[in-house]
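Beneath this line is the structure, given in structure tokens, with notes to follow.
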Amino acid sequence: MKKKIEWLKRFSETCGVSGFESRIKTLLLERLDGQATVSYDKLGSVVFTAKGKAETPKVMLASHMDEIGFMVKHITKEGFLRFICLGGWWEQVMLGQRVIVHGKNGDLVGVIGSKPPHILTAEERSKVVQKKDMYIDIGAKDDEEARTLGVFEGCPVTPYANFAAMGDGKTLLGKAWDNRIGCAVMADVMEEIATKKHPNTVYGVATVQEEVGLRGAQTSVNLLKPDIAFVIDTCVAGGTPGVADEIAPAKIGEGIAITIYDAGMIPNTALRDYAFATAKALDIPTQISVSEGGSTDGGRIHLHDAGVLTLTFSIPTRYIHSHQSIIHIDDYLNAVKLIVAMLEKLDSKKYEELLMV
């Protein structure tokens with residue numbers, strides 16, 4: 001378990017915003033070294049292939065590498081950095097947070113600032129500060145110094161946060177659980193099936209640019225042309241003050257969440273039922289996830305060609321899309337256990353049965 005925690009810490013703390021996932025790719029190549037055949041699509045997604053006893057069905061495990069972040073769009077004459085958001089940010093979780101600016105000469109620490117409340121009018125103080133009114137302060141005295149430090153337009157910026165185990169040690173705090181925990185699940189599954197005689201071909205796919213439009217999902221599914229896809233991501237966790245069960249039914253530590261609906265995909269019902277049945281047979285705790293406003297890589301994958309049987313597994317996550325989010329390690333371990341169990345019995349006969357439903 002200690003080794004797993006160490007890997008989760010590395011997955012969380014390593015930087016990799018949308019379009020700049022190379023450090024995560026390097027981490028996964030280290031994690032799965034010798035466990036699978038490696039290939040790539042032309043957008044940057046990395047594919048780990050494990051061939052079993054049969055070539056088909058072809059099963060894609062999709063986990064996106066990118067986290068939400070920022071990109072420098074302008075350097076003011078005073079040396080402050082104006083930025084655009086990469087992915088969905090809520091203004092209320094941004095101000096005063098540290099960031100890492102990845103300049104040409106190395107990484108720089110910065111902080112997101114705005115006009116101080118002490119000099120705002122009463123009307124201004126009553127409103128949420130808009131993203132367009134924020135900037136990043138790296139301590140430069142002017143634009144010339146900022147450029148000397150290696151900052152440039154197009155420079156990626158990552159949230160800065162440290163990993164920590166909380167409570168009994170199973171509750172884990174860190175940045176980028178969306179979707180590094182999905183990458184960790186995918187890596188563990190690929191490692192486990194490498195030692196098993198699974199009746200299929202499995203592709204562990206670490207996709208790029210999910211947070212800005214599911215882009216790596218599109219290119220990788222075009223490359224692989226799978227029969228079945230399991231998407232591994234996160235979902236909004238409930239169980240916190242003010243969040244009703246009917247809005248966010250999944251809670252951390254109570255099981256892997258199986259998506260019954262999201263804004264981009266209604267999952268294949270036969271595959272969904274197979275997941276619940278497998279979990280019940282093995283006494284693996286499960287929950288449901290419903291997302292009326294968001295989607296995952298499955299939104300692109302399930303529409304490929306004539307269609308791909310697709311299901312999304314989610315790790316319940318508190319405070320998603322912020323510098324600090326919380327997961328429970330048991331949900332991660334149960335996700336690995338369930339997906340491996342399903343893959344072990346997902347042969348051509350089972351695939352045909354799923355198609356007939």
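Counting begins at 1 with the first residue displayed.
The backbone N, Cα and C atoms fix where each Cβ goes, glycine too.
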Report the candidate from His321, His323, His328 that shares the Zn(2+) 2 site with Asp178, Glu211, as recorded in TrEMBL. His321
Zn(2+) 1 site partner of His64, Asp178 (as recorded in TrEMBL), chosen from Asp233, Asp245, Asp262: Asp233
Using Glu210 (active site, proton acceptor) as the reference point, find which of the binding-site residues His64, Asp233, His321 has the shortest Cα-to-Cα distance to it. His64
What is the set of residues, excluding His64, Asp178, Asp233, whose C-beta falls within 8 angstroms of the centroid of the C-beta atoms at the Zn(2+) 1 site? Ser63, Asn179, Gly182, Glu210, Glu211, Ile232, Thr234, Thr296, Asp297
To the nearest Å, how far is the Cα of His64 (Zn(2+) 1 binding site) from the Cα of Glu211 (Zn(2+) 2 binding site)? 8
Which residues, same chain and not among Asp178, Glu211, His321, have a CB within 8 angstroms of the centroid of the CB atoms at the recorded Zn(2+) 2 site? Glu67, Ile68, Gly87, Gly88, Asn179, Thr234, Ile320
Rounded Cα separation (Å) that holds between Glu211 (Zn(2+) 2 binding site) and Asp233 (Zn(2+) 1 binding site): 11
Please work out the number of neighbouring Cβ atoms within 10 Å of the Cβ of Glu211 (Zn(2+) 2 binding site), leaving out its own Cβ. 23
Mind telling me which of the recorded positions Asp178, Glu210, Asp233 has the densest Cβ neighbourhood, counting other Cβ atoms within 10 Å? Glu210
